[in-house]
Amino acid sequence: MSDLFAPMRGLSLRLRLVITLLAGVAFGLGQAPFDLTGLALPALLVPFLMLSPEVCRRQAGWIGWAFGVGYFGTSLTWIVNPFQVDAATTGWMAPFALVLIAAGLAIFWAMPFWLAASSGLRWLVVPLWTLAELSRAYILTGFPWGLVGYVWTPTIGAQWAAVIGPHGLTLLTLTIAWLASEVSRTRALPLGLAAIALAIGLIGGGVYLQNRPIAPQEGTPKIVRLVQPNAPQDQKWQRDMIPVFFNRLLSFTEVGPRPDLIIWPETAMPMLLNNAEEALGVVSQSAGPVPMIVGIQREDDGRYYNSLILQDASGQTSAVYDKHHLVPFGEYMPFPDLFARINVGGLAQRAASGYSAGPGPRLLDLGPLGKALPLICYEAVFPQHAKTGGSRPDMLIQITNDAWFGTWSGPYQHLAQARMRAIEQGLPMLRSANTGVSAVIDAKGRIVDSIDLGQAGYIDVPLPAALNDTVYARSGDVPLLVLLLGLTLVGALRARSNSH
């Protein structure tokens, strides 16, 4: 069999980097809204092929970085949209934000290549890359957007998230790609067979998981109403538009047969909870004897919170949840004194003072509907936030204002990640978004019904049933972390042994 590395050995570093960067762009097209999995997966072989045996660690690091720049520069193009809401003030930051964020996140991908080349063990790039992706969920408050494993979201392979989670899917994806890139080497047949076996297992297991039975719900199905006002961010807080959007919310709330639960999106109320008694009375009259979840801001002792409230059937506020994982530069300013000196401020509504973080996850008791775990906007991006340390919820509820993400890739990627949270936990997800996409997602990540991006309206949908507790819901990422650290330790010991 011909050596696939042979043509790579004659390439200059510059040409390797250009090819790898373009492959990163192709891999980025595997994310929503493109979902070109068939293009993205072959592109993932390129950085492994470029990591040929004669590449030094410095060159290897640049290869990983170039692939990351291409990937993040493509998949995170939506990052410029928040800066365009007030273009006169922050528009100039948009291109710098995209370039700097793509270049910065690419460092996470450069390190595994640099370390693997340093050890002389090329296979070590797989567990190290997975560790790098896992660390993205935690370092500097975390930003696990567009994980490698999400390339499977539009396919049957996404069902494996219920067993091994998104980071396990990342490890599986990278392993298959690395094995495929190694087919031409000495042990071509065993490695090729291993790659084929893993791919078959991924698809076959996905089919099995997709076909798991869901126990039918007892009694009459509970109907949930999602309301989407479609308030563009540049109009949402204009004095003359506030009553337009508020009346739109009210009209969608009071129309038609009464559902069992009504959900409004993030910051739907145009005033603080502290001053909202009269307005909430109007909302309660529109809803009738139906509990509601409403996005609202509140103030407590000089601190502002991005919150949601549960209004019970009598119109009383029975629970409050404060968002606890805030968006850096969007909802609060890290190192505020430093950025104030260079006249750089935040983007969100309360950016001048910043939001404060809530105490953490909590369950909402929805009575006959069961218990819900609320997530506000960005919190649904984090797999670790889709569960509590206590009893298991019956559903996930996300309220969000995706108007910040524009009308291109951001809202669809945010929706795709919400689907993954549903699969991981085996729970339905009720998602109310200001400008879309609002959706009811079943416990297997399938969209039952939705309101398109940029549309105003509402949907009444029967609440999907939950699956039994998934493997990932019980174990989280601990088994994977132990495996990755074990593989890294084995690699380190082998590298040390080889150096003597």
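Positions of Cβ are set from backbone N, Cα and C atoms, glycine also.
Annotated features, as they stand in TrEMBL:
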| type | residues | note |
| --- | --- | --- |
| DOMAIN | 227-465 | domain 'CN hydrolase' |
| TRANSMEM | 12-30 | transmembrane segment |
| TRANSMEM | 36-53 | transmembrane segment |
| TRANSMEM | 60-80 | transmembrane segment |
| TRANSMEM | 92-116 | transmembrane segment |
| TRANSMEM | 128-152 | transmembrane segment |
| TRANSMEM | 158-179 | transmembrane segment |
| TRANSMEM | 191-209 | transmembrane segment |
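Through the fold, the transmembrane segment (92-116) approaches residues 47, 51, 57-58, 60-69, 71-73, 76-77, 79-80, 83-84, 122-125, 128-129, 131-133, 135-136, 143, 344 of its own chain, all at least 6 residues removed from its boundaries and within a Cβ separation under 8 Å. Counting residues 6+ beyond its ends, the transmembrane segment (60-80) has Cβ neighbours under 8 Å at 13, 16-18, 20-29, 31, 46-47, 50-51, 94-95, 97-99, 101-103, 105-114, 116-117, 125, 129, 145-146, 405-406, 408-411, 413 in the same chain.
The list of residues near the transmembrane segment (36-53) in space but at least 6 beyond its ends in sequence, with Cβ under 8 angstroms from a Cβ of it, reads 4-5, 8-9, 11, 16, 19-20, 23-24, 26-30, 60, 63-64, 67, 113, 116-117, 122, 125, 148, 151-152, 154-155, 173-174, 177-178, 180-182.
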